[in-house]
Amino acid sequence: MNRVEPLDYGRFLAAITVLAYHYLVNGIHNGKIDSLAPEPALVAFAKYGYLGVEFFFMISGYVIFFSARGKRASEFVVSRALRLYPAFWVAMLCTAAVAVFLGDGRMDVTPAQVLVNLTMFSRALGVPFVDGVYWTLQFELAFYLAVLVLLLAGLQDRLEPIFLLWPFAMAVALALGLSELPYLGGHFPFFAAGAVLAIQKTRPTRYSVAALLLCGALCVLFAVRNLPAGLVADGVSYSRALIAAIVCAQFAFFLFLNSRLGSRLRLPGSRLAGGLTYPLYLVHAHIGYMLLSRFATEENKALVYPAVIVVVLALACAIHLGVERRGAAFWRGAIDASLGSATRWLERRLAGVPRLMARLRRPA
């Protein structure tokens, strides 16, 4: 997939909306920012910023379809691990380091917690996240795992029909009350939507249109049903019509990307904006909460808020440029020698299964 520059702008804008949601709404209501009160005029808009996470999931589905199609499982594993882990390790260690000095009991971490978090599977191991925003990575990893299984099964060239059938399977599960089954509910309609939008770009058919419409319905239904429970309990109200409109606007953005104008549009600074998105997401929450709680007051917040945003942007920039770009060759070599080698070994073992089955089916 060639880089689509408006997508990089979209990524960055989504990260900013999530940041605004955490700094202006969620962090204050959950008590992690204890020096400030909610500002109603800002909350009215920022409270919808959590929907930026669903946009991230759509981006994952969109990008993964292109990056997995026709690829070997080992290639996919190396590319995804390279994308996720180096920035995560450094961002998580930065968050833990700040927590040592500013955790103040609410965001403290332990050495064991940090070590387990390095795996990115801490929730499955019963260990709290170093930063609460890591919950989204569990869905990313689950999606990657499903794609990896498909690639190991030799279905590289069958991803299109599989992804097109996915929303229909989710609709059936919803009708039967089975949406709690893995991959058939929750946030996964957004991943499916991204993949179907990618298919719509490459080879649109009436089946892809039907799947896309169904994805839209499933995503809107999920979004209007699943409001931020803690905020609603605190008396924050939401417009379900506006939520539906935001989700529809997210779909419209991808349709624009699929257009000739969207795919060819060149935008200044897009590469940096897109590159900053992931590290900014990783470092903004708890580090921002701790800095705001320590330094912000009602009197100086007009100065401290921008200062904190500059700090987390600078940290994200350092991680992107220093770790992801300059360290790319090192990380690729290390990941290929470890996870890549292990996956290639598994590929070789699985490649012998069809031959074994064929021999077993031969008459004696």
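Glycine too: its Cβ is placed from the backbone N, Cα and C atoms.
Copied over from TrEMBL:
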- 7-320: domain 'Acyltransferase 3' (DOMAIN)
- 12-28: transmembrane segment (TRANSMEM)
- 48-70: transmembrane segment (TRANSMEM)
- 82-102: transmembrane segment (TRANSMEM)
- 133-155: transmembrane segment (TRANSMEM)
- 162-178: transmembrane segment (TRANSMEM)
- 184-200: transmembrane segment (TRANSMEM)
- 207-225: transmembrane segment (TRANSMEM)
- 237-257: transmembrane segment (TRANSMEM)
- 278-297: transmembrane segment (TRANSMEM)
- 303-323: transmembrane segment (TRANSMEM)
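Ranked by Cβ pairs under 8 Å to the transmembrane segment (237-257), the stretches 12-28, 82-102, 207-225, 278-297, 303-323 are led by 207-225.
Between the transmembrane segment (48-70) and the transmembrane segment (12-28), the number of CB pairs under 8 angstroms, six or more residues apart, is three or more, so the stretches are in contact. The transmembrane segment (12-28) makes no contact with the transmembrane segment (162-178): fewer than 3 of their CB pairs lie within 8 A, with pairs spaced 6 or more apart in sequence. Here the listed stretches are 82-102, 207-225, 278-297, and the one with the most C-beta pairs under 8 angstroms to the transmembrane segment (303-323) is 278-297. Taking pairs at least six residues apart, the transmembrane segment (82-102) and the transmembrane segment (278-297) share three or more Cβ pairs below 8 Å and count as touching.
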